[in-house]
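Swiss-Prot lists 1-28 with the feature signal peptide. Marked as N-linked glycosylation site by Swiss-Prot on the basis of sequence analysis: ASN85, ASN134, ASN269, ASN284, ASN369, ASN483, ASN509, ASN513, ASN514. Residues annotated as disulfide bond in Swiss-Prot: CYS93-CYS120, CYS280-CYS291, CYS428-CYS547. For GLY144, GLY145, the entry in Swiss-Prot reads substrate binding site. The phosphoserine feature in Swiss-Prot is assigned to SER226; the stated evidence is similarity to another entry. The annotation active site, acyl-ester intermediate is assigned in Swiss-Prot to SER226. If you look up Swiss-Prot, you'll see GLU353, HIS466 marked as active site, charge relay system, on the strength of similarity to another entry.
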Amino acid sequence: MQSKGTIISIQFLLRFLLLWVLIGKSHTEEDIIITTKNGKVRGMNLPVLDGTVTAFLGIPYAQPPLGRLRFKKPQFLTKWSDIWNATKHANSCYQNADQSFPGFPGSEMWNPNTDLSEDCLYLNVWSPTPKPKNATVMIWIYGGGFQTGTSSLPVYDGKFLARVERVIVVSMNYRVGALGFLALPGNPEIPGNMGLFDQQLALQWVQKNIAAFGGNPKSVTLFGESAGAGSVSLHLLSPRSQPLFTRAILQSGSSNAPWAVMSLDEAKNRTLTLAKFIGCSKENDTEIIKCLRNKDPQEILLNELLVVPSDTLLSVNFGPVVDGDFLTDMPDTLLQLGQFKKTQILVGVNKDEGTAFLVYGAPGFSKDNDSIITRKEFQEGLKIYFPGVSEFGREAILFYYVDLLDDQRAEKYREALDDVLGDYNIICPALEFTTKFSELGNNAFFYYFEHRSSQLPWPEWMGVMHGYEIEFVFGLPLERRVNYTRAEEILSRSIMNYWANFAKYGNPNGTQNNSTRWPAFRSTDQKYLTLNAESPKVYTKLRAQQCRFWTLFFPKVLEMTGNIDEAEREWRAGFYRWNNYMMDWKNQFNDYTSKKESCAGL
């Protein structure tokens, strides 16, 4: 039986513990209520590794673009009086989900995981604990071809990066597809680039408010992947964006890529085509806009897919345009003139950038087999991916990427089409962007990511795919419940450190002397660092010959064959057919010779 003294001691201990819990609870709640320029927001503490991170999810940064605000630039937010509960992700912006492979995690992981709504202009903040003072800020911009994407995806969770590197991570939703990029250039009611103006307003929000979260508005680095990287590089070119950030990281995308910016005429034609499809063909722009604003967003989504021919792949239906406001000229021109923010950039690409696009309609390709394609299927693939290119242009690609190599392996056409798409759309534009940037004396760093994740659900032949460095940038391999390897955790920690060092100091090496120094990229030697699970190495002039083909030779071929008459066209077509016959004969003869030699040895 317990003594009276023991009971009193236990009661005292319980009261003390209860008091400690209450004090701790109130202290924690007080810590996670932040006062912004628009009002107070409540966040939450998340356990991360051996500590915590404070997360604020779903903070509004603009008025909902509803009704008369549809298709317009985002409007500044008014103040609220209550405490905004920022403890769960907000709506995703309206978009078409990828339904090509239902239930397959490789494609489903990129689909929106919150409700779709036009009321979607919200951002997220992850801050290390205890609350920092003047911490570097890293703002993530998601990709998705300007057609899809949301900041709430698990692969974009900022908690590990905030915890390990003690930076503040911010991400925002922005409008995509027709609702974000429909354009009647020159008309303020539907100016185009609304999604980019959304991003820009989020950057302004960070400048005004991030100090309240412990961040330094004078140390802000933008980073993004694919169309997100294209967006980041457009902010480098946009005079109104340039004062709103410090540095930039571009992962597998740049604004000078062929898909990143469309002409004014093309943008207007697509807007009028969409209007026609949904019954909004009117006599003037005012009536068209009024009609489009009254349409259900789901109807707009369904019809925006029809604007580009179905046999065209890798097409951005609605994307950035030269509006004279956000973007004053084509990116190539601005780069040539040196009209971009003078700062430091970190740029890079993945080893197999093209494969992710091949399983979405290229002849002979499938995620369920090895996709060993024929010469004819390769040629059909070129027609789909280069719809406006002449036969002679496509034959030049075939000759350079296949015939010139005299490769006898069965995989040669599959690998060649991967290289063609990756070089043309991602790798060579990124290298060209970095080269132009560095020529004016700006510090640039370039990486080549070559590790295939052990958790990748796509088939082995697809290699180190477009988009699959992101999980390492955000530290997902540090999550013990997911079965990444120890080497992958080390790689992820290394990449997070490189990215954070660059954000803090403008140099991925930081202030420490590591075993392998990441050298600056100069236009003369073009040094770059490989990122893998073994050991990083420094090389020079990545894909230099292939990029010369796209920047120098290929445009000349198109120029020289653009105006040939029909007789010469027929003669050349006949010559190429003869050349194909000769290639087949050569292959059969080599096969015959090989068999003859093997028989002679019997």
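Every residue, even glycine, has its Cβ placed from backbone N, Cα and C.
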Check: Which whole-number value in Å describes the distance between the Cα atoms of GLY145 (substrate binding site) and SER226 (phosphoserine)?
Finding: 7
Checklist line | GLU353 (active site, charge relay system) as reference: those recorded positions from ASN134, HIS466, ASN509 with C-alpha within 10 Å of it | finding: HIS466
Margin query: Under DSSP, is CYS428 (disulfide bond) part of a helix or a strand, or is it coil?
Written below: helix
Next item on the list: Find, for the listed recorded positions ASN85, ASN134, SER226, ASN269, ASN284, the residue with the lowest Cβ contact count at a 10 Å cut-off, counting only other Cβ atoms.
Entry: ASN284
Check: CYS93, CYS428, CYS547: which of these disulfide-bonded residues has the sparsest Cβ neighbourhood within 10 Å?
Finding: CYS547
Notebook entry, point to check: What residues, ordered by sequence, lie under 8 A Cβ-to-Cβ from ASN369 (N-linked glycosylation site) and sit at least six positions away in the same chain?
Noted result: PRO459
Next item on the list: Enter the number of other CB atoms within 10 angstroms of the CB of GLY145 (substrate binding site).
Entry: 20
Next item on the list: Pull out the recorded positions from the set SER226, ASN269, CYS280, CYS428, ASN483 whose C-alpha sits within 10 Å of the C-alpha of HIS466 (active site, charge relay system).
Entry: SER226
Next item on the list: For GLY144 (substrate binding site) and SER226 (phosphoserine), determine the Cα separation and express it in whole Å.
Entry: 7
Next item on the list: For GLY144 (substrate binding site), name the DSSP secondary structure in the helix/strand/coil scheme.
Entry: coil
Notebook entry, point to check: Given the glycosylation sites ASN483, ASN509, which one's Cβ is surrounded by the fewest other Cβ atoms within 10 Å?
Noted result: ASN483
Next item on the list: List the residues of the same chain that sit at least 6 positions away from CYS120 (disulfide bond) in sequence and have their Cβ under 8 Å from its Cβ, in sequence order, or write 'none'.
Entry: PRO64, ALA90, ASN91, SER92, CYS93, TYR94, ASN173, ARG175
Checklist line | Assigned element (helix, strand, coil) containing ASN85 (N-linked glycosylation site), judged by DSSP | finding: strand
Next item on the list: Pop the Cα-Cα gap between the residue listed as 'phosphoserine' and CYS428 (disulfide bond) into the table, whole Å please.
Entry: 14
Checklist line | Nonlocal residues around CYS291 (disulfide bond), in sequence order (Cβ under 8 Å, 6 or more apart) | finding: ALA275, GLY279, CYS280, LYS282
Next item on the list: Please state whether DSSP places CYS93 (disulfide bond) in a helix, a strand or coil.
Entry: strand
Next item on the list: Do me a favour and check the Cα-Cα span between ASN483 (N-linked glycosylation site) and ASN85 (N-linked glycosylation site); whole Å is fine.
Entry: 34
